[in-house]
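Chemist: Just passing along the structure, written as C-alpha cells.
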Amino acid sequence: MPKIVVVGAVAGGATCASQIRRLDKESDIIIFEKDRDMSFANCALPYVIGEVVEDRKYALAYTPEKFYDRKQITVKTYHEVIAINDERQTVSVLNRKTNEQFEESYDKLILSPGASANSLGFESDITFTLRNLEDTDAIEQFIKANQVDKVLVVGAGYVSLEVLENLYKRGLHPTLIHRSDKINKLMDADMNQPILDELDKREIPYRLNEEIVAINGNEITFKSGRVEHYDMIIEGVGTHPNSKFIESSNIKLDRKGFIPVNDKLETNVPNIYAIGDIATSHYRHVDLPASVPLAWGAHRAASIVAEQIAGNDTIEFKGFLGNNIVKFFDYTFASVGVKPNELKQFDYKMVEVTQGAHANYYPGNSPLHLRVYYDTSNRQILRAAAVGKEGVDKRIDVLSMAMMNQLTVDELTEFEVAYAPPYSHPKDLINMIGYKAK
C-alpha cells in the first residue's frame, strides 16, 4: 500500500490530502504539521481579531481527530519535518512536545510548509506577528489582559491594512507606519490614494517613510526622531518561505528560498511535489515566472497533485493570473495580471475609465476606477486594476476570465453585461475599456 507523506496541514497540505483520499481509498496518508492547528482559515484571522468573525471556532475547519474520523488521514501536529533524504525517500521528524526525532518513509512526498512572518527583530513583550491561530490567540489574550488601547501597525500590505481596520472597528486606536511611501504594492501606486483618504477621514494617524529604531518597554523611538508610547505593536512586514529544512536535500531552491515546480507541481526530485506559498511557477497569460502566495493557488495546486498521484497525468497547472483583492473600510482594491513593476518588460498601452458602478440615477452610486494594460503587439491584456466602493470584484473577475482565455482588449466591447440599474450600465465599464482602446 503506497505511503503518502504531506508536510504542512493548512490550505495546501490538508486540501491535497483530502483530495487524494477522495480519489484513492487505500493509500496510507500522513500529514506532519509543525504548529498547533490544522485546516484554519488564514484569511479569517484579521476578522477574528476585529470580532467580525464572532467566534474563532469558525476559522478552524478541522481538528486532527475530526479529520481522521472523516477521511482516515493521520495528522500529527507539533511535528516538524527537519530534513529530507530524497535518496532513501525518508523525512526526519521532530516531535516538538517531546523532542523525540524519528524517520518516516514515503512513496510520494508533498511539500506544503507555507511561509512564516518576517519580524523586525526587536526583543519586546509587546510585538506580535499574525500568521496562524496561535498568533491570533496570543494577540487576543494580550489585548484583554493588558487593556490595550493604542496599537502600532507596522507595514502597509493587505494583511496590515486588514488588521488596522479591524482594530479600529473593535474600538482600539491604531497608528500605521511604513518604511517607504509605496503602500499596497500589488496595486498601481496612484490608485492607492483612497487608502490614505480613509485614514484621514477617521483621523487615524499614519506616517510613511518611517521605521522603528528602538523599543524600550512601551516607549518606541522612530527614525524620524519621534518618541511615542504604544500598548502593542503588530508587525506586517512580509513573509519568507519555510524552506530551511529543504536545503540539505537535492531539491532545487531559487535564490529567495522558493521551490520551482513544473506544470505537474513536481520538483526536480522524483516523487516530490511542492504546493502553496513555498512553490513558484509562471503566469498563465504571459511568459514570465510568477510566485503568488494566495489561497486560490494553494487549493488549485492541491487538486492537481491529487489527480497526478491518483494516476491522471493529463491535468496540469496552467499558471497564475495573480488575481488579488483587499477591502479597506469603504473601498475595495483589486488587480489581476502581472505586477506593476513587471510591465516594463512589455511594449504596452494603458486605457482607463472612471464612472459609476451602476446606473447614475439609481441611489447609492459611487465612482469606480478601472484600468487595463495591454500588449501593443497582440493587444492581449497584461494587467487590470480597479478601486471603488462597489462592483470592483465583479469587474476584476470578469477581466481575469478574459485574460485566462487570452482575449484582446478590443474583444471587451463584446462582453454581455448582466444589466439592471442597481448593478451596472448597458455599456459596462469593461465595455468602455474596449471602446476606448480602439
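Each Cβ is built from the backbone N, Cα and C atoms, and glycine gets one as well.
Annotations for this protein, taken from Swiss-Prot, read as follows:
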type	residues	note
BINDING	8-33, 267-277, TYR419	FAD binding site
BINDING	THR15, GLN19, ARG22, SER39, ASN42, LYS71, HIS299, LYS427	substrate binding site
ACT_SITE	CYS43	active site, redox-active
ACT_SITE	CYS43	active site, nucleophile
BINDING	151-166	NADP(+) binding site
Chemist: Could you state, as a whole number of Å, the largest distance between Cα atoms of any two of THR15, GLN19, ARG22, SER39, ASN42, LYS71, HIS299, LYS427, the listed substrate binders?
Modeler: 49
Chemist: By CA-CA distance, flag whichever of GLU33, VAL151, VAL153, VAL163 among the binding-site residues is nearest to LYS71 (substrate binding site).
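Modeler: Nearest candidate: GLU33.
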Chemist: Which residue among the binding-site residues SER18, SER39, ASN42, ASN271 has the fewest other Cβ atoms within 10 Å of its Cβ, if you could check?
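Modeler: ASN271, out of the binding-site residues SER18, SER39, ASN42, ASN271, has the fewest neighbouring Cβ atoms within 10 Å.
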Chemist: Between ASP28 (FAD binding site) and ARG22 (substrate binding site), find the distance joining the two CA atoms and give it rounded to the nearest Å.
Modeler: 13
Chemist: I'd like the number of other C-beta atoms within 10 A of the C-beta of GLY276 (FAD binding site), please.
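Modeler: Counting Cβ neighbours of GLY276 (FAD binding site) within 10 Å gives 29.
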Chemist: Can you tell which of the binding-site residues ASN42, VAL159, LEU161, GLU165, LYS427 lies nearest to ASN271 (FAD binding site) in space, using Cα positions?
Modeler: ASN42
Chemist: Could you list the residues of the same chain, at least six apart in sequence, whose Cβ is under 8 A from the Cβ of GLY8 (FAD binding site)?
Modeler: ILE31, PHE32, GLU33, LEU111, SER112, PRO113, GLY114, GLY276
Chemist: Tell me the coarse DSSP state (helix, strand, coil) of GLY157 (NADP(+) binding site).
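Modeler: Going by the DSSP assignment, GLY157 (NADP(+) binding site) belongs to neither helix nor strand, so it counts as coil.
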